Every structure is written in structure tokens, then in C-alpha cells.
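Reviewing the structure listed below.
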Amino acid sequence: MADAVNGVVAVAVETPQHTGLGAPLDYSADALPPGTLVRVPLGRRDVPGIVWDRPAEAEAPPELRPVREVLAAMPPLGASWRQLVAFAAAYYQRGLGELALAVLPPELRKLDDVQLARRVARLRKPAVPARAARRAGLAAATAAAEAADAQHGVQPAADTPEAAPAFPPAEAGPPAAAEAPPLNDEQQAAVDAIGAAAGTYLLHGVTGSGKTEVYLHAAEAALAAGRQVLVMVPEINLTPQLEARLAQRFAGRRLVALHSALTPAQRLKHWLLAHLGEADLVLGTRLAVFASLPRLGLIVADEEHDPSFKQQEGARYSARDLAVYRGHLEGVPVVLGSATPSLETWQRVQEGRYTRLALSQRIGGGVLPRVRLFDMNTLPRQRGSAAPALAPALVDAVAERIERGEQSLLFLNRRGYAPVLHCTACGWKSGCPHCSAWRVFHKGDRSLRCHHCGFSERVPRACPDCGNLDIAPLGRGTERLEEQIAQLLPGARVARIDADTTRLKGSLEAQLGAVHAGDVDVLVGTQMIAKGHDFRRITLVAAVNPDSALFASDFRAPERLFALLMQAAGRAGRDAQQAARSEMWVQSWHPQHALYAALRKHDYEAFAASQLEERQSAGLPPFSSLALLRAEAREASIAQGFLRAASELAQAMADEAGVTLYPPVPPPVARVADVDRLQMLVESPSRVALQRLLAAWLPQLHALRSVHKGVLRWAVDVDPLAI
Ligand SMILES: Nc1ncnc2c1ncn2[C@@H]1O[C@H](COP(=O)(O)OP(=O)(O)OP(=O)(O)O)[C@@H](O)[C@H]1O
Ligand SMILES: [Zn+2]
């Protein structure tokens, strides 16, 4: 690895994708260590870049343009960070510079060296107690600002105006609450194993078994050894609770959050704190896997099975898979936690590549809730009317809970009032004019809204086709369920949590707070509330209408449904005192389905075994590797033509390499915002063969596209999650 041999440096820059250039470009400069941020000319512009490793034997072209500016104020990005980025770019088939720059905080590229130097100096300043004490008088005035900041996940540092004297826990309460409960034997064994050797661990713990406590202890050991800890959760809404726990436990340590809801300035600050080694703990969503952490000692991915760990645009990376790679690269333990591991992870455990650490008991010895499959076919039906949303027996069970002062959770994975409106006279339905999808009826603001393109209109008074005044909702979403349960149980305190009720900053925390405080009897919501939360008073969870996923075309649909229902069940009876009478209801038209049978026994292993058997005989992941080539155009035929031509280009290579190219097909929602989409599956039993084919094939597609001018976009998704 030579830096700046003969005054030449390689610089990773964001080259436009259509040029097909992905490799670093050469520039002239005095010796600069790899990882240094620079600005270089590209075409007629100056663009940000990162000095990259340059093979010593590489020849430099005769005329080189000079590096324009060196941002020396920040230490260079380390070798392992560069290797992680290089691996991800190659594996997910993106340009190196494109990916490298995309995973840095966007604000960073706007700064010049002087501005950067100022920020770095400020962040490096140690805490000054005297200044903080002087400011103590301002405490009341700054309390609100602090609370807001805590929500954004930054712990006040002593050098910011809103600084506080000590490192405050994010939740009100005495700082001494940081004491850890003694671990049980299984927890202790898990912590010991993680501390003993680097490697990938599956922390396989039933819901409420104390997985988080294991993360905290493992983190404590890493911190004590002077290392940094990276903790990843799949969704932003799971951060506040974990953040509060981390902040309490590790008072005195610097904790930063990294996720997309931060302001650009916060994201830059947090990222810099991590990169400078000032932050001890980084809590984040998938983008945090690329945080620069010079002292990294432990990586945790909580709820590792969650599809949100996969980025769905740009470089479609799996943060879970990259975490495993990163751990391997840096020789640090990686802990993947789940009650329902992904089948990929489970298979690797079976193969002995990951170590399973089991937490088989709930904390306090509570049992898992009894699963009751309610057969919807047994409900008496009035001619012509739809089945009721809720079985009367379930409503009674909820009423019983209310009488006892316990809470119930009704889970329905569909927001809005009704997924579609229709005219009872002419059959008109509320389709989206721009998408192959229905527009959802939202009663709150009386809108018809497309969840795919965002197109929204006021609900028409009469049928737009025939003028009939009788237009009615079909099916139900959380808004309607909330209304129905309130009608069925007058006086009950019903709350709803979904993407619509949590749009405003802080509203989710406030609503969860009300649930925790016991101010809610019945909680209605989407998957948002089914995962992760440590509710203490819920003794009944009901899946109102989970069947549709049983028959979805995606081969991962059953795996996902099972995980979601196990998670949802896990929200009930988390207080051991109440566990014995806690229940999970599943309303189903197909109660005999094997998936529900496994759910009833809380038998993840049996479910996983049967799924893996099916996958193996069908040649599906984890027994094969997939990639999806997508194309978009105004007309489906144009996208089709491009994918067909692409397929022809690859056919000979594919035959030789044992890779199968499938014909292009439309995805479930084929048209979005007036654009038609098609996708083509590429499959191989060998990951290496697939990778080789993609690397040789995709660069040719840039040229191919210029022939197929109507193609708006094309992209490849390696290890796609949704097919
Ligand atoms: N050894 C222990 N002794 C006493 N309480 C504990 C212990 N370990 C964990 N707890 C408590 O038990 C509860 C459940 O633990 P935790 O939230 O870590 O479970 P989990 O496995 O992460 O749950 P889930 O996966 O369902 O979200 C928490 O309130 C936690 O503080
Ligand atoms: Zn639409």
C-alpha cells in the first residue's frame, strides 16, 4: 500500500453512475495518507473525495489535475473503515466513491478545513465542570432544550450551550437507578462467551428473556477495556427506550445516536464524536454500521431478523450482514439478538459458523402467553354483511382486562380507516390514478391517500363515476378499528399508535409514555407497537387480521409473519406476576395452518426447520444467492426490453457459471407515480459465482441503457429481501 508515490494519489469521488466509473481517480498531490478528506476537480466542478489506497505498481497517466484542498483537520478514515466500504461497494455493486461519500454525514462535505478544524477542536475539549456550574442558574431555562436534545439522542456535552453539569439520564429519575440486576445463569454464560472470543454470536432469547441486559453487560466489558461499542436497532422508534437504558447504565460515558431523524448538524456532530474516539457508545439504525470507530470493541444488532436492516434504495446493503463482516474484519465480537432469528442466521448456526447463546426463560420465570387461535368461520354471519372486525369473545376478553386494570393491545398491520372506498351502485373503487394500487381512506382528515406515491385528495361526497351518494369503506385499518373498539367498549380509554399518529417529533414517546403510565386501556396499532417495547401492564395481545400474509407470493412472507406474531405475543405478560393469565389471540380464517400451530407452541425451532426444508428443496436462500435487477420506465414494454437485452448479454456467462436468469416480471405493485417497474431474478447456488457474474455484467448495462433510452432507472439489489 503506497500513499502518494511520485506525488500521485488515488481519490474516491462520487462519479455519476451512468459513466460506469467506480474506481478511485488519480490526482497529483504531495504525500497524503489514505483516508484523508480532500476536494478535487471533476469535470468542471470541485467535488469532495477521500484519498484511497493506491497500488504501488499502478501507472499514473501523464497529466494529472492537482488536489484542490486537503481537509487535514480531521484524522484520516482508518484502514478498516476503508476496507468495510470497499467490501460493501464491491458486494452490493456500487461505485466505491459513491458509497464511501454516501455513508458520511452530508454536512461534512460542505465544510472547508478551517470550519472543520473549529468543530473538531470544540468536540475534543474535555468537560469543564466550572463552566457547567456557572451555568447551573440557567438550568430551568435550558431544561426544555435539554429534553429536546435527549430526544434527538445527543447527551449534552459540556462544551455546548445546553450543557448540564453531569451526564443526565434521558429519563427523569435518580441517576443511581443505573444499578444492574444480577444476571441469571444463561445471561451470565452469554456474557462470558461474548467476552471470551471474537466471533459472531446469535443471542437467541425468547421475548422478555433479558437480551438487552446481556448487551449492556457485554458493552460494559468492552468499555472497561477502553473500546467503543456500536449498538444497532432496526427502527428509529426503538431507539428512545434503549437510549434511556444505555444512558442510565453508562452515566459518565459519552453516548451518541446516529439515525436519519437527526438534524444534519447533529448527525455531523455525532459522527465526528465517534470518529474522533470521543464517543464511547454509538446507538443507531442501519446507517450506523458505517460509523468510523477507531476503538471499536463490540457490535450488537438487536432484532437482527428485522427487514429494516436492509437499505431499500441506493446501495441496498444489509447492515446486519455488514456488521458480521465488520466484526470479522476488526476481530471484535458481533452479537445478533432475536427471539425469531432470520433463517439465514439460523442456518449459519446449524452450520457451526455462528455460535448460539440461548436465553430460554423469561425474566422472573413468567410463562409465554397462551396462544388462542380464534376460528373466524364460526362467527354467525348476517346475509350480505361483512364479518365483524372483532369476535365477540375477544371483545369480552378485552373488557375483562379493563375491569382488572390491565391493558390490551390490538395489532393490525394496516393504517388508515379503510384500504379502499367503493360505490355500492356502480362498483367504482378509490384507485390511485398514478399507481396500480388503491387509495386509502383516512377519516381523520377525510382524505383519500395513496401510500405509494403520496397522492392525496379530499374524499368525494358522491361517486365520481355515477354520482351515487352511497360510497362506503371496504375492509379496515387501525383508524376504523380504534373507532369500533371505542363503540364496543364505551368508557374504555383507547389509543392508537401508527405512522399517522406519530408524525410529530416526540409524539411517539408521549403516547408510549401514556401506555406505560397506565393511562390507556386498549392500544390499537400497526407493527410499530408489536416490536421491542417493554410494556409491563399488557396481558392480552390480539392479531386482528393476520391471514393475508399466509398466501403472499414472497417466499419470505411466512418467516416474517411468524416473527411478527411471536414479537407481538412477546408484548403480553412481561410482568411475571401477570404472565400466567396473559393471552395472545389470533383471529384467523385458516386456524389449522401449520404456521399458527407452531406459533401456538412458541416453537421457533420447529417452524425454522420446516421452512428451511422447503427453502432447500426449492433452491431458495439461504441455500442459494439471489440478486434482483430492476428497471423503471413510463411504459412496461420499455423496461421489459431493457431487461430482456440485459439477460441476453449475460446468458452465455450465466450458463457457464451455473447462474440462472429468470424472465422479467412486474413486482406486486407494478406502477408507482406513473412509472412502470419490472424486475428480473438472478439466482445461483454459489454466492461467488453470482458475484463474479454481476461484476462482469453490470458495467455493460450502463452502455446498454443508452440504447434503451426510455429507461428511467435501473438498479441491482443483491440479497433482496422482498421479491
Ligand atoms: N437478570 C435480571 N434480573 C432482573 N431483571 C432483569 C434481568 N435481566 C433483565 N431484566 C429485566 O427484565 C425485563 C426484560 O428484559 P429485556 O427488555 O432485556 O428483555 P428482551 O429479551 O430484550 O425482550 P424483548 O426481546 O422481548 O424486547 C427488563 O425490564 C429488564 O430490566
Ligand atoms: Zn399513487
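We number each residue from 1, going along the chain as drawn.
Each Cβ is built from the backbone N, Cα and C atoms, and glycine gets one as well.
TrEMBL: automatically predicted annotations, no manual curation.
What you are looking at is a predicted structure, and each value in this text was computed from that prediction instead of being measured.
TrEMBL lists 149-165, 173-182 with the feature compositional bias 'Low complexity'. What TrEMBL records for 149-185 is region 'Disordered'. What TrEMBL lists as domain 'Helicase ATP-binding' is 192-359. The Zn(2+) 1 binding site annotation in TrEMBL covers Cys423, Cys426, Cys463, Cys466. Look at TrEMBL and you will find Cys432, Cys435, Cys450, Cys453 tagged as Zn(2+) 2 binding site.
Candidate binding-site residues: Cys432, Cys435, Cys450, Cys453. Nearest to Cys463 (Zn(2+) 1 binding site) by Cα distance: Cys432. A separation of roughly 18 Å, to the nearest angstrom, links the Cα atoms of Cys466 (Zn(2+) 1 binding site) and Cys432 (Zn(2+) 2 binding site). Other residues of the same chain near the Zn(2+) 2 site, with their Cβ within 8 Å of the Cβ centroid of Cys432, Cys435, Cys450, Cys453, are Pro433, His434, Ala437, Arg439, His451, His452, Gly454, Phe455, Val672, Ala673.
Within 8 Å of the Cβ centroid of the Zn(2+) 1 site, not counting the listed residues Cys423, Cys426, Cys463, Cys466, the chain contributes Thr424, Ala425, Gly427, Trp428, Ala462, Pro464, Asp465, Gly467, Asn468, Ile471. Residues from the binding-site residues list (Cys423, Cys435, Cys450) with a C-beta closer than 6 Å to any atom of ligand 2: Cys435, Cys450. Once Cβ contacts within 10 Å are tallied over all protein chains shown, the binding-site residues Cys450, Cys466 are led by Cys450. Cys423 (Zn(2+) 1 binding site) is 18 Å away from Cys450 (Zn(2+) 2 binding site) when you measure Cα to Cα. Ranking the binding-site residues Cys423, Cys432, Cys435, Cys463 by how many Cβ atoms sit within 10 Å of each one's Cβ puts Cys432 at the top. Checking each of the binding-site residues Cys432, Cys435, Cys453 against Cys426 (Zn(2+) 1 binding site) by C-alpha distance, the shortest gap belongs to Cys432. When Cβ neighbours within 10 Å are tallied across all protein chains shown, the highest count among the binding-site residues Cys426, Cys453 belongs to Cys453. Cα separation, Cys432 (Zn(2+) 2 binding site) to Cys423 (Zn(2+) 1 binding site), rounded: 15 Å.
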